[in-house]
Amino acid sequence: MERMQSSPDENTGTEEENETPERNLDNRRNVQGYSSCPTTSSNLNQMEEKMRRKLQFFFMNPIEKWQAKRKFPYKFVVQVIKIILVTFQLCLFAHNRYNHVNYTWDNRITFSHLFLLGWDSTREINAYPPGAGPLAVYKIDEFYNTLDYAYAGYANLSNAIGPYSYNDDNNNMPDPVFCLYNYKQGIIHGFNESYEFNSEINETCINFTIPDGQLLKSKHYIKDAGMEINFAALVRAKLMFSLKTINFRAAGPITPPECVRFDVEIIFDNEDHDGQMSLVLEAEPYKLVCNGDKNYITDNKIDQILRSILNILVILICSASLMLCSRAIYRAQLLKELTVQFFRRAYNKELSWDGRLEFLNIWYIMIIVNDLLIIMGSAIKEQIERNQFTNDQWNVCSLFLGLGNLLVWFGVLRYLGFFKTYNVVILTLKKAAPKIFRFSFCALLLYAGFMFCGWLILGPYHMKFRSLATTSECLFSLINGDDMFATFSIMSKKSPMLWWFSRVYLYSFISLYIYVVLSLFISVIMDAYDTIKQYYSEGFPKSDLQTFIGEPCIEEVSSGLYRTQSSSSLNAMMNSLFCCNFYRSAYSKIGGGGSNLNIL
């Protein structure tokens, strides 16, 4: 329906045609549609056009805002600069982190060869299924021999190819620490099926102090120290020592060497009490402050200064982006409240929920989240590079920077959405999202049933179903057609009944999800895509707010009309039209001093 309009000639003559603003307002409260570019002369029409112009300007893209009001696109420029700086920072950090993690892993492999009895190179490759069983000890003599071997490797550190030193300023060998974690009481009388047990765990530690040139006889040394190992009550044992080294690999024209301390732990894990004591070596790296080389020209400062400048720039640009987007969200809510009051007073109706959601920009919320993540990640990165952390925080920093950069690049879709061709993806996802969530919830219930069933029944006989996590990973891989034959063939044949059940189970799951669920999932997305294509040809459905705003007249965007209308004039017009004290007080709370509603 079209809004009623009156020409200038019609506003003169009869009493009926010369309506007062109050009567004009009552007539317009029953209007259901709004024209986009009306030409009327009444106060209400002028106020309505002021409101429409303000809303049209608010929903313009940065280019249209520049054409309409010469508003410099601060947020757009800040986002472009942020993408460049953040990506450059991430590339540098990713390179350094790879070197750090790879260096740590290689040293862990080296320590395993030096200190673990029975270690071989086949265990260094992560393969599935693994090429060898877990490294473990099964006999009491093997336990003590492993301790003796580890101490001998620690005492003969000079025999290692790596440039390792003891954690002592004079390079004297500190005593390694050996700790036992036992149940307070754990005695088993297997012959008559009885036991004495107290689940409280006690920790006992001693130092292995051996004179120079002598080998450790751990069995006798532990006994002489007054410690008795009861393997029935033993939960865990640890042998701990520290080593220092310097990494020359990262050194370059402006990159100094790194000084690192490794806290090595050789862990004997007996928590399962199944006769198999797992043997694990852990090496935790800690960065140290290098004293450096007097002849090193850069004095180890150039690289740190350049990286600090980059980190500070990233923090500053993300802080600016955070403030601009927060300001835009706040002002959008002010304009929303003003629009709600306008609809309520001018048309005697409430603004619809869809219309209210138009003022909530999800892109800005996503930008605020990635700004916070990048600021925190950059701060941690700066502290890592300045060696202000006593603990290794590379993983935490990479998590913040990685997620922040992910959202930064997602934000580029917002600017591509200004173009009709690229906006199809965003609109399709937006249209299909509710149906996808409902469909995924139903599919998840079926998935959970298969997951718990497979974990319970097949877990003891199939290595891919031994835990709930691995069961879920196996089923998700099967949905995507990965490693199907291996999943069928690995199943143990110890139980013929369960072997046949596994066939029915796997065939049913694969058939249901690949041929039914995935096909329906794709059809949901394709249905949304077809709907969006139809909208492009026949027009998109509009909310009451979009109907009121209409399409800005093309010639008016760059005509200077928007630059001549200020929010103060809108304030004065609405106060003159709606003299009601309630509305004046409501508007004063919303708009305040006029210029507060100049939304970028």
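Any Cβ shown, glycine's included, is placed from N, Cα and C.
Please treat TrEMBL annotations as automatic predictions, because they have not gone through curation.
The compositional bias 'Basic and acidic residues' annotation in TrEMBL covers 20-29.
The compositional bias 'Polar residues' annotation in TrEMBL covers 30-45.
Annotated domain 'Mucolipin extracytosolic' per TrEMBL: 101-286, in sequence order.
Taken from TrEMBL, the feature domain 'Polycystin cation channel PKD1/PKD2' applies to 405-532. Taken through DSSP, the domain 'Polycystin cation channel PKD1/PKD2' (405-532) splits into 108 helix, 0 strand, 20 coil.
Among the features that TrEMBL reports, region 'Disordered' is placed at 1-45.
Residues or ranges marked as transmembrane segment in TrEMBL: 76-94 (among others). Counting only same-chain residues 6+ beyond the ends of the transmembrane segment (76-94), those with a CB under 8 A from a CB of the stretch are 62, 307, 310-311, 313-314, 317-318, 320-321, 324, 367, 374, 378, 381, 397-398, 401-402, 404-405, 408-409, 411-412, 415.
TrEMBL lists 309-330 (among others) with the feature transmembrane segment.
For the transmembrane segment (362-381), same-chain residues at least 6 beyond its ends with a Cβ under 8 Å from one of its own Cβ atoms are 79, 86, 89, 93, 311, 314-315, 318-319, 321-322, 325-326, 328-329, 389, 393, 396-401, 403-408, 410-411, 414. TrEMBL lists 362-381 (among others) with the feature transmembrane segment.
Residues or ranges marked as transmembrane segment in TrEMBL: 393-416 (among others). If you look at the transmembrane segment (393-416), the same-chain residues 6 or more away from its ends with a CB under 8 A from one of its CBs are 76, 79, 82-83, 86-87, 89-90, 93-94, 97, 100-101, 363, 366-367, 369-374, 376-378, 380-381, 383-384, 422-423, 425-426.
According to TrEMBL, the feature transmembrane segment maps to 436-458 (among others).
Taken from TrEMBL, the feature transmembrane segment covers 504-526 (among others).
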Any residues 6+ beyond the ends of the transmembrane segment (309-330) with a Cβ under 8 Å from its own?
74-75, 78-79, 81-82, 85-86, 88-89, 92, 360-361, 364-365, 367-368, 371-372, 374-375, 378-379, 381-382, 385, 599-600
Given the model, what does the mean pLDDT over the domain 'Polycystin cation channel PKD1/PKD2' (405-532) come out as?
90
